[in-house]
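Enquirer: Would you mind keeping the following structure in view while I ask a few things?
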Amino acid sequence: MMQLSAENLKFIDTYLQNSGVFYYDIRLELVDHIATAVETKMNSDNLDFYNAFKNYMVENKSSLMKLNKESVGISWQTLNPFLVFLIKPLMLVLAIAIYAFYSFVNVHSFFSEQFTINELFFVFIVSLALFQIIYFHVLLKRRYFTIEKIGSILGILYYFQLFFVPAYENKKSSALTLSIITYFFVGYVLYFYSKIIDFKKTKIILH
Amino acid sequence: MKNSQLYKGSLNTILMKLLEENGKMYGYEITQKVKEITKGELKITEGALYPALHKLEAEGVLEVEVVQVDNRLRKYYKLTEKGSAETVNKLAELEEFIKNMQTIVNPKLSY
């Protein structure tokens, strides 16, 4: 069985990158798929790498490029696991602890309900978004579909905040509102972290 | 995929059934297996296969394992516990569908 060299694999990877497949985890899977198909072709049709690759691409490129349409956009499929995570027993204990903290330690009186929803929630979302941008582009250096998809939940939280803005003009402080907003913030951070840990276990991120 | 509209709705069930029978599989292997079983009648394209696998993974039906094979990495898919349970339901649903279609298309042969 003919086996592709590291240069051949690099060639396929670069080809995909130039064709707009910019997520590294998707590319990694496709490189293996194409390489296996090309190796089979090289053996069965007695072709060299370039001709086998060319023949494969002529047949399959249009179907492969459909993968680019997979988007990280907002979907129920992304949001649902986050909501399930928020109602896990340990997370609910945390929610109660946050509420107890704000009720006993009198911090909430400095934050009116209006400020909490209109400004504080927004600051939380923007700082998380900034952190994600730095994490995606500076620390990871590569783009991963699986991770950026989790990040899209933040977009949903942003719309959620916009939805409440016009309705809240209450100047009174509220420990409950502050607790809910803090819970979303902490919950999101923990969820994002747990997902990154899961993803790292797949070892895709290390290569 | 051949006759795409008719097969499309059953793609997830096909994938889950294959993984139930074969344990862990990678993308290329799945396309070849389907081709082999159907004697080339049904060809799953990459553009249909991978988004379906990624969706099932996100839903917690499948889990992945990345293994170094030769000089590259290979992503294997296998059913989770939840996935195995769901496969049973999906297959029952599909069998019911086939039965109903048979009654409609060919009433004389109905059972």
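In case you wondered, yes, glycine gets a Cβ from its N, Cα and C as well.
Pasting the feature list from TrEMBL:
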- A:82-105: transmembrane segment (TRANSMEM)
- A:120-138: transmembrane segment (TRANSMEM)
- A:150-168: transmembrane segment (TRANSMEM)
- A:174-193: transmembrane segment (TRANSMEM)
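I'd like these features described in context: how deep, what's nearby, how far apart.
Expert: For the transmembrane segment (A:82-105), same-chain residues at least 6 beyond its ends with a Cβ under 8 Å from one of its own Cβ atoms are 153, 175-176, 178-179, 182-183, 186-188, 190-191, 194.
Nonlocal intrachain contacts for the transmembrane segment (A:120-138), taken as residues 6+ away from its ends with a CB within less than 8 angstroms of a stretch CB, comprise 111, 147-148, 151, 154, 157-158, 161, 178, 181, 184-185, 188-189, 192.
Using a Cβ-Cβ cut-off under 8 Å and counting only residues 6 or more beyond its ends in the same chain, the transmembrane segment (A:150-168) has close neighbours at 72-75, 78-79, 82, 113-114, 117-118, 121-122, 125, 128-129, 132, 136, 184, 188, 191-192, 195.
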Enquirer: Residues of the same chain, at least six outside the transmembrane segment (A:174-193), with any C-beta under 8 angstroms of its C-beta?
Expert: 82, 85-86, 91, 94-95, 98-99, 102-103, 107-108, 111, 113, 116-117, 120-121, 124, 128, 132, 150-151, 153-154, 157
